[in-house]
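One structure is given below, encoded as structure tokens.
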Amino acid sequence: MTASMPRLPFFPPDLFDGERDVVLETVRRVGLADDQRFILGERTAAFEEALRVNTGAADVVACGSGTAALMLVLRAMDIGPGDEVVVPAFGCAPLAASVVNVGAVPVFVDVHPWTMVVEPYEVEAAITARTAAIMPAHMFSVMADMPTMRELARRHDVRLIEDSAVAQGGVLRGLQAGRWGEAGVFSFVQVKTFGSIGEGGAVVTDDPEIGRLARMLRNHGQDGKNRFVHHLVGYNSRFDEIMADFQLHRLPGLAARLARRAEIADYYTERFAALGDRGVQAPPPGREGRCFYVYSLLADRRDELKRHLASRGVGSHVYYPAPLPAQPAFAPYARPGQYWPHAELACARTLALPLYPHLTDAQVEHIADAVCDFPGGP
Ligand SMILES: *Cc1c(COP(=O)(O)O)cnc(C)c1O
């Protein structure tokens with residue numbers, strides 16, 4: 001590789017370079033404030049209100065992480081031992097871990113081979129008398145089929161939790177991601193579409209009871225009025241004032257950053273339309289029900305493509321190398337004789353390309369060129 005070769009890492013090291021001064025100012029403002037309040041203060045309340053207005057939800061509860069948000073929702077719904085929760089077999093650990101950590105059992109179902117989101121008919125087939133909730137997740141750039149999930153939840157009288165951790169800002173049939181379930185969640189970890197400089201998450205809900213309970217559970221079961229009265233066994237999942245202040249500053253720019261992600265994704269998809277004969281498939285085109293967190297190709301010779309891109313200075317990433325029920329931690333919950341062939345296939349074929357808003361047009365073109373130069377098969 002020559003020295004002039006561009007280096008385009010998958011995880012950009014300069015995500016917040018443009019906002020360095022804002023970060024320092026935020027730390028100074030919160031750090032030197034008279035009230036010396038570093039968690040769950042007025043900035044957190046203002047951030048929750050801003051997200052509430054932004055999403056149109058009745059309530060938003062900021063908490064420690066997206067994973068914690070899932071657990072707060074599960075607990076607020078009183079889901080625990082003896083209950084089953086239907087989750088995707090393909091996805092990240094929090095989907096299964098949140099369920100196990102509240103004492104319930106995750107039931108894994110297969111995904112669509114192209115969009116990689118859970119298949120409604122698989123979800124329906126997994127519902128039993130013990131099912132307390134279904135928990136579809138949006139994946140990479142595609143929202144799960146939430147209208148059908150709502151219909152399934154109603155018909156089978158189970159709760160609907162929407163893992164919208166990767167889809168903040170996505171819109172399906174005029175309704176934002178996070179608004180389709182009885183509760184949805186957001187994650188503010190660095191790489192997410194509204195990622196930030198540390199950990200954070202939120203519960204989004206129209207159900208006042210879920211909001212009330214999540215708010216208590218995030219701070220050891222206290223009600224916010226009577227200190228040291230613990231109504232519930234909760235968690236420490238409080239929200240940081242520095243994070244709240246910084247995210248308040250960044251929220252107005254979110255729409256523009258999402259639009260830039262969508263624009264890059266559109267360009268990639270157009271360029272990759274002809275790569276089918278080389279075993280490379282782009283995600284579905286379009287903007288409806290989409291949110292461009294990660295741009296994931298499916299490639300028959302995935303590892304070769306990854307090496308090819310690396311030789312051109314283009315970083316890529318495999319989300320996820322193994323289905324959840326194949327993980328040592330979750331294998332005990334996999335039902336004997338059950339298989340997830342599409343999840344297995346996705347794990348073998350998926351490859352994500354750089355997709356961050358500050359990529360220049362020239363960089364985007366270079367990445368697309370590198371993919372299009374991938375040689376044909378043997
Ligand atoms: C990132 C993510 C989470 C968890 O968010 P954290 O803030 O990292 O805890 C949950 N579900 C999905 C699908 C995610 O991608």
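Just so you know, glycine gets a Cβ as well, placed from its N, Cα and C.
For K192 (active site, proton acceptor), the Cβ neighbour count at a 10 Å cut-off comes to 19, with all displayed protein chains included. As annotated by TrEMBL, active site, proton acceptor applies to K192.
Look at K192 (active site, proton acceptor): DSSP puts it in coil. Under the heading N6-(pyridoxal phosphate)lysine, TrEMBL lists K192.
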